[in-house]
Amino acid sequence: MGEKWLSLLGVVSCPRHRVGSLVCELMAVRRPITFSVVAQSFVCCALLSVFFFLNFFCFCAAPSLPCEAKVKAAMQQESASPQYAGGESLALTPFRRAEKRYKLYRLDRRAARRQMMPETDFNDVVDVRHPDANTEHNRSRLRSVQGLGDSQARCFAFTSVPGLLLFPECIPVEEQQALCRDAVLKYADSRQHPNHLSTHVSEPKCTTRYEAPMRWATLGFSYDWTTKTYSRGRYSPFPLALRRRIDDILHMCGCIPELSGASVSTYEPQTAIVNYFSVGSMMMAHQDVSEESMQQPLISISLGCSCVFLMGTASREEAPYAFWLRSGDVAVFSGPARVAFHSIPRIMDDCPTHLCSRSEEHEDEPHGGGKDVDDDDAYWRAQMRHMRININVRQVYSDSCKFIFES
């Protein structure tokens, strides 16, 4: 019996596969249940508890992969998935590397308790709202565009991305609120405009307003995401308020030498794609080249949460530049930028308070509260708290199509 207990005392240092055999050996000893047997069983259980505790301690204390290695592994696994880019090959091009640099990565809950994710370096992201805050490299390429007529708006060009014009804080707060309200309550109503959920192939769903996981809605001529084509026979009314805003932007662009000419004076907004981005989502690199009228610029309005916007060239093999786009900013893609690859790898969780749900702490703010609101108002503000909306407008056909506009 002494030898047996010596063997049990060795449980702590023995390999795991011996534990089972030792327990079976004890169970094979058939004796009357006496105080001695109970005491021996108690000691055996205590030793087994010590064994499992030490194994657990060694597992937790074992060196783990550095956080950067975990992120790299997640990137490699993600790159191997064809679903990440709609089935297209995900070669590690310079553009793809830039997307990985700014994309939000999350560790699983267990790993996150032991280590923190490294912070993303946004130092190289061009900030047109604060030109002096940019790096010297970016400041040397950022150019203020003059000649906007009687408009008080600011406009910037970036010499390394020809054809891209950025208008910071171009949309007033009141108009931002109106556009967000319409985007959530009207543009996402499938009875008026087709959207991501209502056109689902296998399970189409009728919607009366925005609801997750809706990703887009189309105004004007409908766009087929499968065939990447438009149809003249399928369209919804293009909103009058949005058309007026686009006309104002075009008026400013018409005064800019780089954009003056027939292309702007004859521009007709015929389709708007409304994108809904929740925090943590992204849009992969793509080109907008399905329109017949490619000489006409594409106009993009940002609302809600800020984003990192990447704009490159007509090839993924050339590294893009990163820009901040915030609520109220407008971007115009013309010339080379009209056919360039672009993407949104990061949505920040920073929706401005004038677009979020009202609360007591915001009652004294100019656009934050102080009056009764209806259920619809509370709904769209609640949706905007963690969402970015992008409204991008383009002319599809070269000929005029005034029949699509609201009267």
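Each residue's number is its place along the chain shown, starting with 1.
Cβ atoms here come from the backbone N, Cα and C positions, even for glycine.
What TrEMBL annotates here:
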TRANSMEM  37-57  transmembrane segment
DOMAIN    268-397  domain 'Fe2OG dioxygenase'
BINDING   HIS286, ASP288, HIS342  Fe cation binding site
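The 10 Å shell around the Cβ of HIS342 (Fe cation binding site) contains 23 further Cβ atoms across the protein chains shown. Mapped onto three states, the DSSP output places ASP288 (Fe cation binding site) in coil.
On the 0 to 100 pLDDT scale, the domain 'Fe2OG dioxygenase' (268-397) averages 90 in the predicted structure. Across the range of the domain 'Fe2OG dioxygenase' (268-397), the DSSP-based residue counts are 21 helix, 47 strand, 62 coil.
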